[in-house]
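Asks: So Swiss-Prot lists the following for this protein:
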DOMAIN    8-282  domain 'tr-type G'
BINDING   17-24, 81-85, 135-138  GTP binding site
Amino acid sequence: MAREFSLAKTRNIGIMAHVDAGKTTTTERILYYTGKIHKIGETHEGASQMDWMEQEQERGITITSAATTAQWNGHRVNIIDTPGHVDFTIEVQRSLRVLDGAVTVLDSQSGVEPQTETVWRQATEYGVPRIVFANKMDKIGADFLYSVSTLHDRLQANAHPIQLPIGAEDDFRGIIDLIKMKAEIYTNDLGTDILEEDIPAEYVDQANEYREKLIEAVAETDEDLMMKYLEGEEITNDELKAAIRRATINVEFFPVLCGSAFKNKGVQLMLDAVIDYLPSPLDIPAIKGINPDTGEEETRPASDEAPFAALAFKIMTDPFVGRLTFIRVYSGILQSGSYVMNTSKGKRERIGRILQMHANSRQEIEQVYAGDIAAAIGLKDTTTGDSLTDEKAKVILESIEVPEPVIQLMVEPKTKADQDKMAIGLQKLAEEDPTFRVETNPETGETVISGMGELHLDVLVDRLKREHKVEANVGAPQVSYRETFRAATQARGFFKRQSGGKGQFGDVWIEFTPNEEGKGFEFENAIVGGVVPREFIPAVEKGLEESMANGVLAGYPMVDIKAKLYDGSYHDVDSSETAFKIAASLALKEAAKTAQPTILEPMMLVTITVPEENLGDVMGHVTARRGRVDGMEAHGNTQIVRAYVPLAEMFGYATTLRSATQGRGTFMMVFDHYEDVPKSVQEEIIKKNSGEA
């Protein structure tokens, strides 16, 4: 089958937003207007097309990024619907990694909200061009220009309206296009009948003012346009659109649109903007990777003629076809039935069938081309972030960074008979979601699961029950603490046992220094002259890794430490890998005496929104929970407080806030960084873990 849409007519976009901004409804409307669905499903009725997991339909939130393909004005638009809840950050991150552009949906009453900030920051890190859709213009309190101001104040974004609303709340009836300088008036409930007419007289001054501001803002990113603007020459609509497109693709400018997806207004114009201003695969730089054989950097251009290269960005288990691997093809063509190389794992894989996904229905296709997104069946060893390439032109693409889990709980099956079933179910869920970890406590034999938050683990335990038919008892949530060293030190690990039979001998000197936050454990071999033979060096590193997994203070994993092996000795007969592993672990224990070991705890960025009269209560809550206020902002009669608070102190906060504000206060929290635990709290943790408390 020949290529249906050229690369220039392909768009890979994500829809991202804060939870409840109306993102899934917006995606639904896109599917409706592009002819993919015939009846609109409402999120609050639990019938949405993109939210296809049972829990998503019950909770009215999007958990997994469903990928779907639609068509608009002769273009193919691949859409990934991403979750807005902070516990599902990895879903947002991995979709951003494979997108070319995104639509950020705002609730026009609230403007930029905490999760909007998180996904905006991630999109900026990945260099993803964005347009902004101020949704819910029909809602009480909707304020388009306030929403635009929050883009400037909270995100420092160079964002400017290319549209203005006509009316607001119940009176929202149309949109002014600041490029064409025309009004689009909606005349029916489905938003399919639109009248284009002159701008109503009462809006003409405002429209002229904002068109002038738009031209000025765009001209600042474009020298030719700036010259014309300064010389007072007329700027044509085509010139303005071309300049907006260039600036948007270069992530220098963010066009802002408005509408109400629920009331079917503004979605078609937003689709036009996706085509007009967001990039095709040809507009973005060729993807870079490393050739595993030479270690050299290579690029793969968006072209069907280039060798095949793709990134696996999501694994899902489908009840009918089994394991699906979602891939973004960057270059070349992939045929069903062909073999590819998983360069991340160094394994050859066979592509069984290729499916084009539409929410939860699918169409089988023979091949997938550069710039497209599809799901492959038959890949056994491929996991999230793996590169798949032509066997003759191998390259490893940049992977997807996975954040560390911050919360954990103990799970056990309700019946002993379910033990094996639970293990298999948890393993399958962990394959789909890299931020979900499953471990067995070596001392107690208990199964411990870790993730990004309480909702994240709730949903996974729920899926265990629904999809794998395992009823589980769940323990209370626990914080995922870490340990580290705060001072540099040198330590010797000496292990010798020579009583009867073969002896054991290992002797190492290791220098330990604190590493930068987030860099993890780094091992350096600085042995000169073979005082520790080369074959025992890996055993020293492994010995350190194994003992660091259980910490030196309270049994928590150790992070961000550099270890340099610089001296030691060995015995011709008695030295072994085991002896050097033990010697390394003894060196770590010895180092702990002088390296100022400390426990680290996850700090959450908490955003609390409360009525003005409850501000004092909230400040008290933050202080009582060992938190510190980072900033405050007034919005009408409500106050928004941003604070850093340890996760350990946030359990049960929802109840406290609810009773203090009679249910009118809300809060959101997102993991921000790890920080040293105060000494007094540290002592309590150590006591508790040693069984004294």
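Yeah, the Cβs are placed from backbone N, Cα and C, and that goes for glycine too.
Would you situate these features in the structure and describe their surroundings?
Replies: Its own atom aside, the Cβ of Ala17 (GTP binding site) has 29 Cβ atoms within 10 angstroms in the protein chains shown.
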Asks: State the three-class DSSP label for Ala17 (GTP binding site), counting H, G and I as helix, E and B as strand, and everything else as coil.
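Replies: Once the DSSP labels are grouped into three classes, Ala17 (GTP binding site) ends up as strand.
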Asks: Looking at Cβ-Cβ distances, which residues of the chain lie under 8 angstroms from Met137 (GTP binding site) while being 6 or more apart from it?
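Replies: Once residues fewer than 6 apart are set aside, Met137 (GTP binding site) is near Ser108, Phe144, Pro165, Ala168, Glu169, Phe172, Cys258, Gly259, Ser260, Lys265, Gly266.
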